[in-house]
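These notes concern the structure reproduced below.
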Amino acid sequence: MHISNLSTLLNKFLTIKQLNQIHSLILINALNHLEPILVRQIIVSSGSFHQTHITKYVKLILNHMQHRDVSPLGYAIRFLCQHSQFQDAVVLYVQLQSSGVFPNTYSVSSSLKAYGKINYKVGGISVHAQVHKFGFDGVVYVQTALLDFYSKMGDIRTAHKVFDEMSGKNVVSWNCVLSGYVKYGDLDTARHVFDEMPERDIVSWNVMVSGYGRAGEMDRAYALFKEMSERSSSSWNVMIRGYIDCRKMELARGFFDAMPQRNSISCISMISGYSKCGDVESAEEIFDKEQEKDQLLYNAMIACYAQNGRPKKALQLFDEMLQPTLNIRPDKMTLASAVSACSQLGDLEFGSRIESYMSDVGIRMDDYLSTALIDMHAKSGSIDKAFELFHGLQKKDIVAYSAMILGCGINGRGNDAVKLFEEMMDSNVAPNLATITGILSAYNHAGLVEEGYRCFNSMQKYGLFPSVDHYAIMVDLLGKAGRLEEACELIKKMPVQPHSGVWGALLLACNLHNNLELGEIAAAKCFELEPDSTGYRSLLANIYAYSGRWDEAKRLREDIQESGINKVPGCSWT
DNA sequence: ATAGGGTTAG
């Protein structure tokens, strides 16, 4: 086929914005005869395709190229960076090197960005060495990319060294250094740089305001913000973000409402802020008002539902997002939240739908997503599957350990839970409240009172204070072992108000061991805290019946009949 | 082509 025909064909493909199997085959066959310049053009133009197809497409082209020319490769690397496929970008850069192709400035600066994003310092340093070798020292884009890389790695010394050696410093290079000090947390030096800069643009101001915001110094942030001669959406967004971080939602909302041009980022910040405060309704309000909903906005709202005990709504919205007309695809983050929702619902079926979806569209697993799946499988009883995923993790962090330990606990694998806990301590991962909940649940399941006590009492050693839920598990553990008075004493000593789960656990134990005296006390508290729940009444009725107090038992059961359907008491620690 | 603002797991 002739080149000009190919170009026509290509343009046609590009205008229909979709490629099926046959299109791809024709194209790939044709590509073997293409000039590198044309391949480059394809890669650049493929930006008009749907995002999930792009990387696949770029990879297809590259795999079928005969000419390993730097120009298309450099473009491809930059292209992958622009679409947040940093891992792929790095892989491509390594391929480029090993095939003996001379890198260009595009590939070098893009690969530096990619190494920065995936947090791989050694990779960036090796690029630095090559920069020297290939004589790109004087190229301002490469120098800036290097400077920014070291800044992002927190290596402010090397960053400064690169900065000092730069031939033509401009605002961007100054901004990179400034942002380096801000990231490093050295606000005084950052302010010094800010004051000494020969020229400041809006980015410099935004970086400085954001620095104060991140440090919680909102007064200073606001002072600078007021001083700005012009403001961009980011200027307002960093103020919003600062107020959200110190949980001042009203102030954040004030800035949100006052800003002249809200964008998707402003909305996402507000939604996640409301989400952290448990204010789902306000988050919904923001979400519903926004006309142009993008992927990240959906992600934020789905996460909000999943994090605030609305798993059904989370999955509803996830389904809505999948509507082909919307032209948005879920990504790892969406899936992590959706999996978390499935886990809360115990819905393995939806969960495995997600797993097959991942392999269909080629979403690679990461530790976040794995951890969500671990939790889901562990809670649904597939503890072996959970272990398999757990062993495949790149880095086992506190969340992964906690999910695994809790999973073992509720599946009756107390020994494994303890083993995991010890392994975790050995690898210097400090436990938090959720981990303790997991390990206590394991002891509870196995009926190991002394071990439970020891763990409960050791919490202070890690700077942790038992929450109501921890007390509830301890009460359950003591109660089931028949140590009812001890359980009662523990409740009395609680520094926080016990919720119905705590008294409910005691009531359950009183039912188990037929203790009327304490049962009445516990039941009274339960009725007070959850007047609508009939489950507690039937537990007390049982105790009365066992003790031969038939009248009281009968009276309670009639109460229950009247109030209608039997409700199960809430067990908040499960 | 280089800089600033956003979303994820127990």
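Glycine is treated like the rest: Cβ placed from N, Cα and C.
Feature list (source: TrEMBL):
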- A:170-200: repeat 'PPR' (REPEAT)
- A:201-235: repeat 'PPR' (REPEAT)
- A:263-293: repeat 'PPR' (REPEAT)
- A:294-328: repeat 'PPR' (REPEAT)
- A:397-431: repeat 'PPR' (REPEAT)
- A:432-466: repeat 'PPR' (REPEAT)
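Only residues 6 or more beyond the boundaries of the repeat 'PPR' (A:397-431), in the same chain, are considered here, and those with a CB under 8 A from a CB of the stretch are 367, 370-371, 374-375, 377-379, 381, 383, 386-387, 390, 437-446, 448, 451, 462, 464, 574.
Within its own chain, the repeat 'PPR' (A:170-200) is flanked in space by residues 140, 143-144, 147-148, 150-152, 154, 156, 159-160, 163, 207-208, 210-212, 214-215, 217, which lie at least six positions past its ends and keep a Cβ under 8 Å from the stretch.
Cβ atoms under 8 Å from those of the repeat 'PPR' (A:263-293) belong to residues 233-234, 236-237, 240-241, 244, 247, 249, 252-253, 256, 300-301, 303-305, 307-308, 310, 326, 328 of the same chain, restricted to positions at least 6 beyond its ends. Sorting the repeat 'PPR' (A:432-466) by DSSP state (H, G, I as helix; E, B as strand; all else coil) yields 28 helix, 0 strand, 7 coil. In this model, the repeat 'PPR' (A:170-200) carries an average pLDDT of 94.
The DSSP breakdown of the repeat 'PPR' (A:263-293) into helical (H, G, I), extended (E, B) and coil residues amounts to 23 helix, 0 strand, 8 coil.
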